[in-house]
Amino acid sequence: MILLWSCLLVAVVGILGTATPQPGNSSLHRLTRQLLQQYHKEVRPVYNWAEATTVYLDLCVHAVLDVDVQNQKLKTSMWYREVWNDEFLSWNSSLFDDIQEISLPLSAIWAPDIIINEFVDVERSPDLPYVYVNSSGTIRNHKPIQVVSACSLQTYAFPFDIQNCSLTFNSILHTVEDIDLGFLRNQEDIENDKRSFLNDSEWQLLSVTSTYHIRQSSAGDFAQIRFNVVIRRCPLAYVVSLLIPSIFLMLVDLGSFYLPPNCRARIVFKTNVLVGYTVFRVNMSDEVPRSAGCTSLIGVFFTVCMALLVLSLSKSILLIKFLYEERHSEQERPLMCLRGDSDANESRLYLRAPCAEDTESPVRQEHQVPSDTLKDFWFQLQSINNSLRTRDQVYQKEVEWLAILCHFDQLLFRIYLAVLGLYTVTLCSLWALWSRM
């Protein structure tokens with residue numbers, strides 16, 4: 001009986017021992033210990049040292065975070081993938097409970113020294129310390145990164161500009177005989193992959209072209225893969241806030257030409273338009289990107305619009321000046337004529353008065369007084385008639401001069417309209433041409 005109980009106790013202990021295996025005896029732990037026990041991460045993982053390790057790269061742009069035109073920097077968020085083969089990290093999966101893939105610390109294995117040549121700031125990406133390794137030794141290192149890279153940003157066609165920024169990947173130390181590069185996906189698939197891009201931002205992703213070439217230098221030949229991120233600015237917000245108000249102000253200035261050229265309110269109106277445009281330009285100056293390399297077309301557009309407004313105001317001022325100078329000179333003439341007639345009449349009466357007193361009798365003088373009064377009255381009527389006639393002539397000349405100014409104003413308006421139309425066509429053509437390049 002005691003023997004029976006002893007056998008039963010041994011069986012229960014054996015069953016419990018097999019039901020709860022120790023962690024050190026698990027297949028995953030045995031596999032990890034076997035792979036890393038004599039692994040040297042300082043050595044490139046190949047059995048034949050003359051054979052190059054090929055690193056396959058892939059890139060997927062997620063968003064454009066910032067475009068710094070003044071400092072010529074582009075900040076993008078992307079998903080970056082590296083795949084290479086480690087000949088020292090392969091195993092027979094049938095010996096380890098059919099384990100096909102495991103995760104290992106990146107710090108414990110060899111990793112290629114791939115960098116981006118256009119880096120200008122510290123890489124901002126989450127720290128992912130693990131990589132996946134399959135039974136054939138293929139290592140997958142996938143991680144999201146934020147890249148701040150140098151880029152030659154051209155703002156000549158703003159806000160219809162297209163930017164082409166390159167990201168060049170290569171090994172910083174190993175030549176092409178040690179580390180070669182390749183594409184993880186087809187190049188056409190990389191170029192047209194826009195599924196994960198955020199289209200609600202200011203920029204629109206057009207394509208991501210990729211090329212492979214070997215850079216030759218004195219230190220050796222290095223394999224390089226270049227990804228060209230082509231993005232286009234969404235111009236609607238800038239068209240609404242910058243271009244349309246400017247166009248409206250120019251149309252209002254064109255409408256002021258329908259006011260009479262002798263109307264003083266025309267100058268006041270044009271002055272208000274010019275002041276309003278100046279205030280608008282100052283308030284919107286921060287919306288236009290500033291680049292030391294070139295002046296954008298929209299900056300030229302603002303400058304030319306202001307120059308046209310100043311030219312329009314100057315033309316109206318000159319027309320008013322010519323009109324009132326002619327009117328002032330014509331108004332002085334009848335006053336001089338009237339003053340000359342009065343002086344002649346006074347001298348005539350003065351010379352006549354002494355002679356009448358010496359030669360005529362008192363009776364005749366009594367009958368001569370009414371006659372002299374009528375003559376004086378007649379002379380006054382003649383003077384008034386001459387003055388009115390002169391005024392009519394002045395008014396007629398003023399009307400004729402005003403008609404000439406009106407025709408001249410219409411001619412200047414047509415020239416102004418032709419210049420504005422030619423400038424608009426030229427600007428639109430340049431915008432269309434540069435937006436396609």
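Keep in mind that glycine also has a Cβ here, set from the backbone N, Cα and C atoms.
Positions annotated as signal peptide by Swiss-Prot, on the basis of sequence analysis: 1-21.
Taken from Swiss-Prot, the feature N-linked glycosylation site applies to ASN25 (among others).
Annotated N-linked glycosylation site per Swiss-Prot: ASN92 (among others), in sequence order, evidence recorded as sequence analysis. Of all the Cβ atoms in the protein chains shown, 7 others lie within 10 Å of the Cβ of ASN92 (N-linked glycosylation site). DSSP assigns ASN92 (N-linked glycosylation site) to coil, not to a helix or a strand.
In sequence order, GLN100, GLU101 are the residues near ASN134 (N-linked glycosylation site), counting only same-chain partners six or more apart with C-beta under 8 A. Sequence annotations record features per position, and here Swiss-Prot assigns N-linked glycosylation site to ASN134 (among others).
Taking a C-beta cut-off of under 8 angstroms and a sequence separation of 6 or more, CYS151 (disulfide bond) has the following same-chain neighbours: GLN72, LYS73, LEU74, GLU118, GLN163, CYS165, SER166. DSSP assigns CYS151 (disulfide bond) to coil in the three-state reduction, outside any helix or strand. Residues or ranges marked as disulfide bond by Swiss-Prot: CYS151-CYS165.
Annotation comment: Swiss-Prot describes 236-255 (among others) as transmembrane segment. Remote same-chain residues near the transmembrane segment (236-255) are listed as 158-159, 202, 270, 273, 276-277, 280, 284, 287-288, 298, 301-302, 305, 308-309, 312, 416-417, 420 (criterion: CB distance under 8 Å, separation of at least six residues from the stretch ends).
What Swiss-Prot lists as transmembrane segment is 267-284 (among others). Within the chain carrying the transmembrane segment (267-284), a Cβ under 8 angstroms from the stretch's Cβ atoms is held by residues 241-242, 245-246, 249, 252-253, 256, 259, 302, 305-306, 309-310, 312-313, 316-317, 320, all 6 or more beyond its ends.
Taken from Swiss-Prot, the feature transmembrane segment covers 296-324 (among others).
Sequence annotations record features per position, and here Swiss-Prot assigns transmembrane segment to 411-434 (among others).
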Per DSSP, three-state class assigned to ASN134 (N-linked glycosylation site): strand
